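*Asks:* Below you will find the structure I want to go over with you.
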Amino acid sequence: MKVPIETSPLAWLEAVEQQRRGAGLRRSLRPRSAVATELDLASNDYLGLSQHPDVIDGGVAALRVWGAGATGSRLVTGDTILHHELECELAEFVGACVGLLFSSGYAANLGAVVGLSGPGSLIVSDAYSHASLVDACRLSRARVVVTPHCDVDAVDTALRSCHEERAVVVTESVFSADGVLAPVSELHDVCRRHGALLLVDEAHGLGVRGGGRGLVYEVGLAGAPDVVITTTMSKALGSQGGAVLGSSAVRAHLINTARPFIFDTGLAPAAVGAARAALQILKAETWRPEAVLQHARTLAKICDLSELPQSAVVSVVLGDPEVALAAAIACLDAGVRVGCFRPPTVPAGTSRLRLTAHASLDSAKLEVARRVLTDVLGGCCVARR
């Protein structure tokens, strides 16, 4: 809808804001307190490590040695031994050859997808791909084919029609909105038949699947030369930052071509130190990933879902965005913080509550979740699917 400009070049914003309100799609910020007073079923702190004393100490120690900021791009003054140590440790953990840190998972996806495709390339992307992957596809200047969710046959068809010099298949390992696992092994078979690269975003797989090493590792593709992994330290590792994991050739190429790497300040030392400490805990305390999955199954049963989750994400589809938002607010008022996903994050008609399981949940917390979720969802059962 084109809104005529009247007295200000930003006068149109009010009309757009009214449209958002009318559609039940307005978003706003809700600052949380330092000490949570509600049960957290919304954050991505899957392993409960963001507040772990060793993780905090790791961040503080790096802060004291290296300072508050990286002070520049990795190619100028922002590169430290600390960055290289985390790259090596993370790559070894997931079974990749080498790694390259970025300032966020979003930046890692932009750098990897754009850097490994470009004009004269074909990108095949899942319809439920994260916004960072979608934006990367748009920026790549490659031909992009979007396939139905987890449809391997559609990917095969797209690759059969490829007339470009190279092709990249892009998927999340665990889809952030619905928690569904991608058919990574089957996608790799298709990619291998057609000589395509498989790029897997392990943002929600790291720390949960494959004993914490991710879904790519779980299905036996760790270190495969035609597989590139992207991930983040902001979820299971409780810190911040992103990484691309793959071959030495991929790393060298991205150092020279990935604009989010070349022109961005390096990841803050405190985030690197915290992520390193979290990774050590994940290696030592192998019970944490399985605890996440067990608690996710419990939450699914509480919500009376027909399918048990295979990740930390428990998706409760309510349909209408206003119903979903009202349910999320009701949960928060009752002491349980849950996620609320509405368009454009999810397709129209599939607005939902997104619950996330954490290793730190216990029987008392799960009982609180049961009481609140049963009461709130019981009030909107007509809209549930």
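Including glycine, each Cβ sits where the backbone N, Cα and C put it.
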*Asks:* Of the candidates H130, H149, H163, H253, which one does Swiss-Prot list alongside R27, T345 as binding substrate?
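*Replies:* Answer, per Swiss-Prot (substrate site with R27, T345), from H130, H149, H163, H253: H130.
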*Asks:* Just to be sure I read the record right: G105, Y106, D201, E202, A203, H204, T232, M233, S234, K235 are listed as binding pyridoxal 5'-phosphate in Swiss-Prot. Which of S121, S125, S176, S185 is listed for the same site?
*Replies:* S176
*Asks:* Given a 10 Å Cβ-Cβ cut-off, pick out the one of the binding-site residues R27, K235 that has the most other Cβ atoms nearby.
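*Replies:* The largest 10 Å Cβ neighbour count belongs to K235.
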*Asks:* Consider the binding-site residues R27, H130, T345 and say which one has the Cα lying nearest the Cα of M233 (pyridoxal 5'-phosphate binding site).
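*Replies:* Of all the candidates listed, H130 is nearest in space.
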*Asks:* Find the one among the binding-site residues S176, E202, K235 whose C-alpha lies closest to that of T345 (substrate binding site).
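*Replies:* In terms of Cα distance, T345 (substrate binding site) lies closest to S176.
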*Asks:* Same chain, not part of G105, Y106, S176, D201, E202, A203, H204, T232, M233, S234, K235: whose C-beta falls within 8 angstroms of the C-beta centre of the pyridoxal 5'-phosphate site? Give them in sequence order.
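*Replies:* Near the pyridoxal 5'-phosphate site, beyond G105, Y106, S176, D201, E202, A203, H204, T232, M233, S234, K235, sit N44, L206, T230, T231, G242.
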*Asks:* Tell me, by DSSP, whether R27 (substrate binding site) is helix, strand or coil?
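*Replies:* The three-state answer is coil.
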